[in-house]
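Annotated features in TrEMBL:
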DOMAIN    1-162  domain 'Glutamine amidotransferase type-2'
BINDING   D75  L-glutamine binding site
BINDING   L208, V244, S318, G319  ATP binding site
SITE      E320  site 'Important for beta-aspartyl-AMP intermediate formation'
Amino acid sequence: MVSGLKHRGPDWSGLYQHGDCYLAHQRLAIIDPASGDQPLFNEDKSIVVTVNGEIYNHEELRKKLAHHKFRTGSDCDVIAHLYEEYGEDFVDMLDGIFSFVLLDTRDNSFVVARDAIGVTSLYIGWGLDGSVWISSELKGLNDDCEHFESFPPGHLYSSKSGGFRRWYNPPWFSEAIPSVPYDPLVLRRAFENAVTKRLMTDVPFGVLLSGGLDSSLVASITARYLAGTKAAKQWGAQLHSFCVGLEGSPDLKAAREVADYLGTVHHEFHFTVQDGIDAIEDVIYHVETYDVTTIRASTPMFLMSRKIKSLGVKMVISGEGSDEIFGGYLYFHKAPDKDEFHRETCRKIKALHQYDCQRANKATSAWGLEARVPFLDKEFINVAMSIDPEAKMIKKDEGRIEKWVLRRAFDDEEHPYLPKHILYRQKEQFSDGVGYSWIDGLKAHAARHVTDKMMFNASFIFPHNTPTTKEAYYYRMIFERFFPQNSARLTVPGGASVACSTAKAVEWDAAWKNNLDPSGRAALGVHLSAYDAETPLSNKPSKVIDSIPRMDFPGVAIQS
């Protein structure tokens, strides 16, 4: 089981046994590579922890724990000592992304927790013998558990109570409509703080740069503040940026321009449609989904991650999460009012762990690469989600396009962060931006492997989340070959969607019900290269893809 997850952290394998309890870890060494091997312990080794993630405020937490003795310089070393001081209530003190298992050998109890949004991946399973299993990926559980499921983000599982409780309770979670006036400087400072805290690293790193607003802002801020950091002293102040796409794709052109503007060392990776098709089975195996949008976008990210890791880079910073927080997807143009706009952003953030977070975490971790996501910083989300949603609404007559509040916050005439046309570039979902012919090729390939007869009987073969297109059917066949258990298929979300909307938002426009497609170009009358409204999307070739990469981290913890 442990060796099956070695791709997530090839730097170290750790195993600990106490009675019938086992903790195993595959480490990708980012902080303190020399001494931070896991499992980690408190002073007398009565508390044992395996962690996947990064704790950005670990230095401040160490000051609160000054009377404790730390064995390593690892950022995750604070967890065992925090538990000693505060018990199970310490989790909200952690500023970062994490999934961990903590074993208290004094009474054989254990605690499991996952970060607020679910940037790190985590699953929980139960065996017929009463055992409880925890793993970063499905493939660590599906052979040994009678039932398994995704571990809910922002939750803690305690063996003492035998159940889950939510430790993350921000004001926006209730979906109440906020009323804080929009202040561009407050938003700018909050995001700059979110980016700069993620420059904490002891290994070579870079930024993912698609040329869209989100990744370009991440690259701009990183380039602006890198000099003078510990990372710059170790690896130099010249920032490296990475982009992937088909030859001549929109993202490659825009990313090259941004890289030239910022002065980064830019790495441009090309792939062909056939390269992507050849990788589909590996992508589904590693990302563990049959969701069409996720697979479309995971494939170029998977191919890019392999190239990045081959250059000796072990960590990247990415722009994941902005579209969910600010209503950046093009279907938000049709939001009926500010209340529904805000509720849809809440729904999107709550579902991130099933889509973009899962994609970015696993597509990068497949090659031992870590991705960090400043837009999903807890403090930044609190600031951004407290803004009166009236300011986020898209109003063409007032010159307000999607994510206007974010664009305006970084529209600095004296010290510009980006060229104006990049700052105000229309949203391209990653799977669209890497090249419009990518999705055409996927659909054509699926049509050669899935017959009309197979589609006719799809509801009998796949009664749960029945695929409605040949592309979806093709992915489902591959997924079921790797993960045939009912528990596995239940971990993948379903439901109607247009241009990456939730099922609820499909109700905003009656025309969408006959044109359901995850591509951004399905936002009829909004995308500059939108499909025409007459022909259902299922009957025409697609020329798109879905929004570029983002993030997570390695390691696996298993508790039995």
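Glycine is no exception: its Cβ is also placed from the backbone N, Cα and C atoms.
Quick caveat, the model's predicted, so the values are computed rather than measured.
Within the set of binding-site residues D75, L208, V244, the entry lying nearest in space to E320 (site 'Important for beta-aspartyl-AMP intermediate formation') is L208 (CA atoms).
The local packing around L208 (ATP binding site), expressed as other Cβ atoms within 10 Å of its Cβ over all shown chains, amounts to 30. Within 10 Å of its Cβ, the residue among the recorded positions D75, E320 with the fewest other Cβ atoms is D75.
Other Cβ atoms within 10 Å of the Cβ of V244 (ATP binding site), summed over all protein chains shown, number 30. Around G319 (ATP binding site), taking its Cβ as the centre, 28 other Cβ atoms fall within 10 Å, counting all chains. Counting every protein chain shown, the number of other Cβ atoms lying within 10 Å of the Cβ of S318 (ATP binding site) is 30. In this entry, L208, V244, S318, G319 make up the residues listed for ATP, with the farthest two CA atoms of the set 15 Å from each other.
Averaged over the domain 'Glutamine amidotransferase type-2' (1-162), the predicted model has a pLDDT of 91.
For D75 (L-glutamine binding site), the nearest of the binding-site residues L208, S318, G319 in terms of C-alpha separation is S318.
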